[in-house]
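K.L.:
My structure is below; once you've seen it, I'll send some questions.
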Amino acid sequence: MTLTTLPASNGPDANRSAAIGPFALPNRVMLAPMAGVTDRPFRQLCRRLGAGWVVGEMVTADPGLWHTRKSQLRMDHRGEPDPRVVQIAGGDADMLAQAARLNAELGAQIIDINMGCPAKKVCNKAAGSALLRDEALVAEILDAVVAAVDIPVTLKIRTGWCAESNNALRIARLAESAGIQALAVHGRHRQQRYTGQAEYDTIAEIKSHLSIPVIANGDITSPEKAAEVLAYTGADAVMVGRGAQGNPWIFQQISYYLQHGERMALPSLTERHQVLHGHVEALHEFYGTTMGVRIARKHVGWYLSDDQRFTPPQQRALKQQFNALVSPETQFDWINNAMAPGAATRLLAKGSYAA
């Protein structure tokens, strides 16, 4: 069942609470792990703006890659509040168990296993959502990782490999039997990747059969959608992924809507400017000048796409301008000029960003 056919309801219980191991969920909205997106600066920002929990980028289970700069950055959780949730990815039970132990030693407080990533380069290594095709291997991996650490282990999956193999309920039962303490389900099968619409019947069915917390994921892009999905599926929480790109305020917006039944005021232009400036500053500090400048480009692009001051052609022109900048100084000058309160009226009047 998709959004357009979700039945009316009285809404989810905003005060409903769940726990994963010793950690209580402070609210019912979480940040989904996204490779290349949910780095430490973005996780910290989303926590500050209302995400109950955040999950980091997936870390490879291949020990031969742990020394790389990418892996080292993904395993860096310094300064983050509890609980620190680290997602691991791979297709070998022993290697995943070893990765779980390493990350626990580095400070992870919850280990999440990735069986949902649809990326071709991940699935070609029999990892991510490709694992859903081999239920025996799934069971072996779950048993090995749960036994390897004394901290909670969670799992993220999709509804199956393809439309003809919706085996998410069987995987969910294997997970609960193995000692998995929470399950996140993206309402698409792997072959869909991110096309079409997420469906929530499978998530509702899983929730009706499991006693562990179930988290609904897929197309959570507004407070209203979050409330409808929670009410329809009975899930304990929603997990927001792409809906947070350029809109990290979505977490507090969802929590407010669940609590009050109405939307909270949108962030002021001053707040939008301050958050964007602080986010880019954190990216430069975390990655260094060269890499920070490059990574800031996609985030600024997402902020622009969510900025209703500008038309789509104007957004594209602004993105092109920012993408041409090659230093932190020029990026901050641009942010303080183009994205400051009143920028749309002032700059568009000049024709600087007209398209």
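Positions of Cβ are set from backbone N, Cα and C atoms, glycine also.
These numbers come from a predicted model, not from an experiment.
Checked TrEMBL, it gives:
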{"type": "DOMAIN", "residues": "30-331", "note": "domain 'DUS-like FMN-binding'"}
{"type": "BINDING", "residues": "P33, M34, A35, Q87, K156, H186, N217, G218, D219, G241, R242", "note": "FMN binding site"}
{"type": "ACT_SITE", "residues": "C117", "note": "active site, proton donor"}
K.L.:
Using Cα coordinates, what distance in whole Å links C117 (active site, proton donor) and K156 (FMN binding site)?
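P.N.:
Pair distance, Cα basis, whole Å: 9 Å.
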K.L.:
Counting across all protein chains shown, how many other Cβ atoms sit within 10 Å of the Cβ of C117 (active site, proton donor)?
P.N.:
24
K.L.:
N217 (FMN binding site) has how many other Cβ neighbours within 10 Å of its own Cβ?
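P.N.:
Taking all protein chains shown, N217 (FMN binding site) has 25 Cβ neighbours within 10 Å.
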K.L.:
Once the DSSP letters are reduced so that anything not helix or strand counts as coil, what is the residue listed as 'active site, proton donor'?
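P.N.:
For the residue listed as 'active site, proton donor' - judged by DSSP and reduced to three states - the answer is coil.
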K.L.:
How many other Cβ atoms are found within 10 Å of the Cβ atom of A35 (FMN binding site), counting all protein chains shown?
P.N.:
17
K.L.:
Using DSSP and collapsing to three states, where does N217 (FMN binding site) fall: helix, strand or coil?
P.N.:
strand
K.L.:
Applying a 10 Å Cβ distance cut-off over all chains shown, what neighbour count does K156 (FMN binding site) have?
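P.N.:
Within a 10 Å radius of the Cβ of K156 (FMN binding site) lie 26 other Cβ atoms.
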K.L.:
Could you tell me the maximum Cα-Cα distance in Å between the residues recorded as binding FMN, namely P33, M34, A35, Q87, K156, H186, N217, G218, D219, G241, R242, rounded to a whole number?
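P.N.:
So the maximum pairwise Cα distance among the FMN binders is 21 Å.
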K.L.:
Please report the DSSP secondary structure of A35 (FMN binding site), reduced to three states.
P.N.:
coil
K.L.:
Restricting to the chain of R242 (FMN binding site) and a gap of 6 or more, list residues whose Cβ falls under 8 Å of its Cβ, or answer none.
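P.N.:
The answer is M34, Y194, T221.
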K.L.:
Can you check which residues sit near P33 (FMN binding site), meaning Cβ under 8 Å from its Cβ, same chain, 6 or more apart in sequence, and list them in order?
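P.N.:
Sequence-distant Cβ neighbours: V55, G56, E57, M58, Q87, D112, N114, K156.
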